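Colleague: Got a structure here, written out as C-alpha coordinates. Questions coming.
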Amino acid sequence: PIEVNDDCMACEACVEICPDVFEMNEEGDKAVVINPDSDLDCVEEAIDSCPAEAIVRS
(Lines of atoms letter the chains of each structure in order from A and count residues from 1; the text may use other names and numbers.)
(Lines give C-alpha, C1' and ligand atoms only; values in the text may rest on other atoms or scores of the structure.)
Protein backbone atom coordinates (compact mmCIF):
# COMPACT_ATOMS: atom_id res chain seq x y z
CA PRO A 1 0.00 0.00 0.00
CA ILE A 2 0.93 3.63 -0.48
CA GLU A 3 0.98 6.20 2.28
CA VAL A 4 1.99 9.82 2.79
CA ASN A 5 4.16 10.45 5.84
CA ASP A 6 4.47 13.55 8.00
CA ASP A 7 7.22 14.99 5.78
CA CYS A 8 4.47 16.11 3.37
CA MET A 9 4.67 19.86 2.74
CA ALA A 10 1.29 20.18 1.00
CA CYS A 11 2.69 21.14 -2.40
CA GLU A 12 -0.17 19.21 -4.04
CA ALA A 13 2.09 17.75 -6.77
CA CYS A 14 0.80 14.23 -6.12
CA VAL A 15 -2.82 15.41 -6.24
CA GLU A 16 -2.24 17.09 -9.60
CA ILE A 17 -0.38 14.08 -11.03
CA CYS A 18 -2.60 11.33 -9.63
CA PRO A 19 -5.99 12.65 -8.41
CA ASP A 20 -7.54 9.16 -8.30
CA VAL A 21 -5.08 8.18 -5.56
CA PHE A 22 -4.25 11.37 -3.65
CA GLU A 23 -6.23 14.30 -2.25
CA MET A 24 -5.57 17.03 0.28
CA ASN A 25 -6.88 16.61 3.82
CA GLU A 26 -9.61 18.91 5.14
CA GLU A 27 -7.05 21.28 6.65
CA GLY A 28 -5.17 21.44 3.35
CA ASP A 29 -1.85 20.88 5.08
CA LYS A 30 -1.15 17.28 3.99
CA ALA A 31 -1.92 14.95 1.13
CA VAL A 32 -3.77 11.75 1.96
CA VAL A 33 -4.14 8.52 0.05
CA ILE A 34 -7.68 7.69 -1.02
CA ASN A 35 -6.78 4.55 -2.99
CA PRO A 36 -3.86 2.91 -1.14
CA ASP A 37 -3.69 -0.23 -3.27
CA SER A 38 -3.69 1.53 -6.61
CA ASP A 39 -1.22 0.36 -9.21
CA LEU A 40 -1.87 3.26 -11.56
CA ASP A 41 1.19 4.42 -13.50
CA CYS A 42 0.75 7.90 -12.07
CA VAL A 43 1.62 6.64 -8.56
CA GLU A 44 5.27 6.13 -9.54
CA GLU A 45 5.32 9.56 -11.16
CA ALA A 46 3.88 11.08 -7.98
CA ILE A 47 6.48 9.32 -5.83
CA ASP A 48 9.27 10.57 -8.10
CA SER A 49 7.84 14.10 -8.16
CA CYS A 50 7.36 14.54 -4.41
CA PRO A 51 9.89 17.17 -3.26
CA ALA A 52 9.63 16.02 0.36
CA GLU A 53 9.93 12.31 -0.53
CA ALA A 54 6.86 11.84 1.66
CA ILE A 55 5.10 9.18 -0.43
CA VAL A 56 6.15 5.69 0.63
CA ARG A 57 5.10 2.13 0.02
CA SER A 58 4.44 0.14 3.17
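Heads up, the Cβ atoms here are built off N, Cα and C, so glycines get one too.
Since we're looking at a predicted model, the values are computed, not measured.
Annotation source Swiss-Prot lists [3Fe-4S] cluster binding site at Cys8, Cys14, Cys50. Annotation source Swiss-Prot lists disulfide bond at Cys18-Cys42, citing experimental evidence. Summarising the annotation, Swiss-Prot assigns domain '4Fe-4S ferredoxin-type 1' to 2-27. The annotation domain '4Fe-4S ferredoxin-type 2' is assigned in Swiss-Prot to 30-58 on the grounds of sequence analysis. The cysteine methyl disulfide feature in Swiss-Prot is assigned to Cys11; the stated evidence is experimental evidence.
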Colleague: Which of Cys8, Cys14, Cys18, Cys42, Cys50 has the fewest nearby Cβ atoms, counting only those within 10 Å, among these recorded positions?
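Modeller: Counting other Cβ atoms within 10 Å of each of the recorded positions Cys8, Cys14, Cys18, Cys42, Cys50, the minimum falls on Cys42.
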Colleague: Give me the sequence-ordered set of same-chain residues, not including Cys8, Cys14, Cys50, with a C-beta within 8 angstroms of the centroid of the [3Fe-4S] cluster site's C-beta atoms.
Modeller: Val4, Met9, Cys11, Ala13, Phe22, Ala31, Ala46, Ser49, Pro51, Ala52, Ala54, Ile55
Colleague: Out of Cys8, Cys14, Cys50, point to the one nearest Cys42 (disulfide bond) in space (Cα versus Cα); all of them are binding-site residues in the record.
Modeller: Cys14
Colleague: Would you mind listing, in sequence order, the residues at least six apart from Cys11 (cysteine methyl disulfide) in the same chain with a Cβ closer than 8 Å to its Cβ?
Modeller: Cys50, Pro51, Ala52
Colleague: What is the three-state DSSP composition of the domain '4Fe-4S ferredoxin-type 1' (2-27), stated as helix, strand and coil residue counts?
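Modeller: The domain '4Fe-4S ferredoxin-type 1' (2-27) comes out at 5 helix, 6 strand, 15 coil.
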